[in-house]
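*Asks:* The structure's right below; bear with me while I get my questions together.
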Ligand SMILES: NC(=O)C1=CN([C@@H]2O[C@H](COP(=O)(O)OP(=O)(O)OC[C@H]3O[C@@H](n4cnc5c(N)ncnc54)[C@H](O)[C@@H]3O)[C@@H](O)[C@H]2O)C=CC1
Ligand SMILES: O=C(O)[C@H]1O[C@H](OP(=O)(O)OP(=O)(O)OC[C@H]2O[C@@H](n3ccc(=O)[nH]c3=O)[C@H](O)[C@@H]2O)[C@H](O)[C@@H](O)[C@@H]1O
């Protein structure tokens, strides 16, 4: 099938490379020329395992990138993989989606005079966005009504950063919300090799349901982590080990052992914005999402609690504190809404001198937060050298082998339950255990 993909970030690039791998012909439409050049040169604009090879294999044959929207006319289906960030008040910001839909509609106008086209929203959007915002913009620009050759569908994406390719090619579910049977059939055909897997469920539903499934999924996962954090905080008060408690709780298959790691909480480019968008959307609909508000409140409190634990042992004023890990989770250099940055803010507020180390994310912090007054270390050992205390903010596997010999005071507060040699420390404290 000929497929165009608008937006070539984490999702668009992964979808493009994987669909090319499945045998489809892909055109990526992207406004960032550097990304277009990288893709056409066979290079991955983002780091994800298995992506570079797939792009190198297919660039110049089944995979090409362009800044020209007109090229979508050569394709049968277009996926919108545009960013859906947060507005200042936390609500869903649709300006980029609207702009992309306008350009797409305009580009599709000549094609729709003679041929059909399916537009699929893959970005995370609140219920109603596909039918009430994207659809009408496409109709106005293309001069064709939905159902009259222009078809609409919503197909949310559940991949995780760090395992994007494997998650896309081997998902637990493919969710399709479509305006017509033909649109759903086109997507079933496109995903045929994935749907042939026994482990992958196909969910065919309405467009609004498809939109909400994505938010409900992320809200559930974020809530699960906040709940284990709350239980972890309670366990700590009782002097009980939350990891032992939750490992046993997870044996109940209604609960499951996955996503049970308590500690500093959730960050990243997805959970925070999606939970906030759902809360804002629910309020707009007249519903008060009290539980989701609490889920965010528990998450927001963890960094301060972590620094509080450190302050029980170290006078933070002018203290050199090693911050181990900056990315929002291991396996990625993404620092958006990383809990590590909240820890640093609290440390700075309390007069400490943070010295940060991360194996891959320091460049991104420097670039995004040039005014952040912290020192960057060359290695974890460097960060720990002469430190009056240390915190673990990201559970990079290499931190399991830390040596604390060079520390001025061997005090470690672990926000991620890593596997360090506790006997080598004067104080080992866990945030939730
Ligand atoms: N990153 C993730 O792990 C996941 C993200 N999502 C959702 O997918 C959507 C896209 O997210 P990401 O790929 O992470 O975003 P991203 O920010 O990594 O990439 C978006 C790309 O779109 C490009 N772009 C912006 N405006 C454009 C336009 N008018 N025309 C063409 N290209 C344009 C940008 O230059 C950028 O390369 C969001 O709604 C997000 O919530 C869903 C599942 C997973
Ligand atoms: O909508 C999205 O974009 C994506 O958001 C998340 O994926 P991601 O943000 O890449 O990362 P996760 O692995 O889910 O971790 C999110 C945060 O939760 C934290 N976490 C996760 C699991 C856990 O047990 N404990 C915990 O604190 C992680 O450290 C991280 O900060 C979802 O897992 C994906 O299914 C979804 O597609």
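Just so it is clear, glycine is given a Cβ too, placed from its N, Cα and C backbone atoms.
Quick paste from TrEMBL:
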| type | residues | note |
| --- | --- | --- |
| BINDING | 84, 124, 273, 336 | NAD(+) binding site |
| BINDING | 214, 259, 260, 261, 262, 263, 267, 329 | substrate binding site |
| ACT_SITE | 270 | active site, nucleophile |
| DOMAIN | 322-420 | domain 'UDP-glucose/GDP-mannose dehydrogenase C-terminal' |
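Quick one: where do these features end up spatially?
*Replies:* Residue environment of residue 336 (NAD(+) binding site) contains 17 other Cβ atoms, counted within 10 Å of its Cβ in all protein chains.
Mapped onto three states, the DSSP output places residue 262 (substrate binding site) in coil. In this view, residue 262 (substrate binding site) is surrounded by 28 other Cβ atoms within 10 Å of its Cβ, with every protein chain counted.
The C-beta environment of residue 270 (active site, nucleophile), restricted to residues of the same chain at least 6 apart in sequence and closer than 8 Å, consists of 124, 218.
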*Asks:* Under 8 Å Cβ to Cβ from residue 273 (NAD(+) binding site), same chain, six or more residues apart: give me those in sequence order, or none if nothing qualifies.
*Replies:* 84, 85, 86, 337
*Asks:* Taking the binding-site residues one at a time (214, 261, 329), which has its Cβ surrounded by the most other Cβ atoms within 10 Å?
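*Replies:* When each Cβ's neighbours within 10 Å are tallied, 214 leads.
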*Asks:* Quick one: mean pLDDT on the domain 'UDP-glucose/GDP-mannose dehydrogenase C-terminal' (322-420)?
*Replies:* 96
*Asks:* Between residue 214 (substrate binding site) and residue 336 (NAD(+) binding site), how far is it from one CA atom to the other, in Å?
*Replies:* 20
*Asks:* Determine the most Cβ-crowded residue among the binding-site residues 84, 124, using a 10 Å radius around each Cβ and all protein chains in the structure.
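*Replies:* In terms of Cβ crowding, the pick is 124.
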